[in-house]
Amino acid sequence: MGVQRLALALIAFTSALTSVIAAPIVIEQPPLGPEHRYDAIVIGGGPSGLSALSSLGRVRRHVLLFDEGIYRNGATRHIHDMLTNDGVEPKVFRAKARQQISRYTSTSIKDVKVTKIKKVFEHGGRKYFFQVTDKTGAMYTASKVVLGTGVLDVLPGTPGLQENFGKGIYWCPWCDGWEHRDQPLGILGPLRHVMDSVYELETLNNDIIAFVNGTEHSVEDILYLNRKYPHWRQQLKHYNVQINNKMVSSIDRLQDGSKHQDKKTWQEFDKFRVNFNDGTSVERSVFITNFPTEQHSDLPDQLGLARDPIHKNKIKVNFKGMRASVPGVFVVGDANNDGSTNGNHAMFSGKRAAVALHVELEQERAEAALGKRDESFSAEQVENEALKLIGRDTEELEELWGRK
């Protein structure tokens, strides 16, 4: 009987889905002005935004991408740990991506900053679109929006830190650690984050000094470490990590790894001097940083997007489709809260959002053609309704179908 009920449920669901798919296809033409809409507008020209643009272009969505020309990895020498692009300069990667995407003629790119964005309701609030304004005052509209606006690293004002960030001073071991392996390393940041970096770097560097800048005796940091790593003091001794609690006054570059490198081994040999307030100094070849980030753009706040309750510098998304709290908005790359910040993740999230957006948009248009469209309709709603209709999880379904 269970199999029969399941079969009937599947037939009913298939029938309902077929009625939607059979609806007339509504294709919007390329926009000619503010009164015409794009299928989607993507804001951000890094890996996540370009990935979304590419995926949407491949299904002939009319999409416009805005790129203001500021990138988190803009200062880094090369991209690493990205298959087929290991060692490529970030600007070369972006140029190649643009060239390849250009074959999808329903896509376009504008190199200008977006300053305003708002959601506009129409038809009594049952439908909506997004209005985007760039810094020249030009307006554009779209059915959906993808934000790949990224984050900013909030660096202290220590002289020499900002100027050298991304070149021998990095925040991601996978992005730059291999090129500085087996070199004297410094950890820059509060005490609470030292163990995280030690665990990440132990296979690459074993001469480590943590420059905690006066936080060694911070009660808050110590309590945090006691909770997260109960044996952290013993672990630091085990790894022979030194804690330097002096206040850092400046960092001087002594050698540039872009000029001193071994191209056969892919090693870069930077060298720095850390100067302290007491007049003493220490030399290191490379640094990893543990400083906070913040949203690069205020566009998420203009739309009223919810933040992650714990990591408040991140925009909360539904990981299944990168949907933000406002229907029609997708947030990809470092800006969202799905827990990873690197180029591979950025492209994955852009791809996932593009697929969800494409399907959601077509489902909405099919429903509109049938006169059933309402503001609450979404791809996620369809998924939930399908689960209710079937009433079984995946493992139960496999077990039922396996019975004779």
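From the backbone N, Cα and C atoms, a Cβ is placed for every residue, glycine too.
Summarising the annotation, Swiss-Prot assigns FAD binding site to 67-75, 334-343 and lists similarity to another entry as the type of evidence. Counting only same-chain residues six or more apart in sequence, the Cβ atoms lying under 8 angstroms from the Cβ of Asn73 (FAD binding site) belong to Gly46, Ile79, Pro90, Gly166, Cys175, Gly343.
According to Swiss-Prot, the disulfide bond annotation covers Cys172-Cys175, on the basis of similarity to another entry.
Residues or ranges marked as N-linked glycosylation site by Swiss-Prot on the basis of sequence analysis: Asn213. Taking Cβ-Cβ distances under 8 Å and a sequence separation of 6 or more, the neighbours of Asn213 (N-linked glycosylation site) in its chain are Leu188, Gly189, Pro190, Asn245, Lys246, Met247, Val248.
As annotated by Swiss-Prot, signal peptide applies to 1-22.
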Field: Among Asn337, Ser340 [binding-site residues], residue with fewest other Cβ within 10 Å
entry: Ser340
- request: Can you check which residues sit near Asp67 (FAD binding site), meaning Cβ under 8 Å from its Cβ, same chain, 6 or more apart in sequence, and list them in order?
  value: Gly44, Gly45, Gly49, Ile109, Lys110, Asp111, Val112
Set of same-chain residues at least 6 away whose C-beta sits under 8 angstroms from Cys172 (disulfide bond): Thr341, Asn342
Query: What does DSSP call Asn213 (N-linked glycosylation site) in the simple three-state scheme?
result: coil
Task: Could you tell me which three-state DSSP class Ile70 (FAD binding site) falls into?
output: coil
- prompt: Does Asp334 (FAD binding site) have same-chain partners at least 6 apart in sequence with Cβ under 8 Å from its own Cβ, and which are they?
  reply: Ser48, Arg72, Gly150, Val151, Thr293, Thr341, Ala346
Query: When the number of other CB atoms within 10 A of each residue's CB is tallied over all shown chains, which of the recorded positions Ile70, Cys175 has the maximum?
result: Cys175
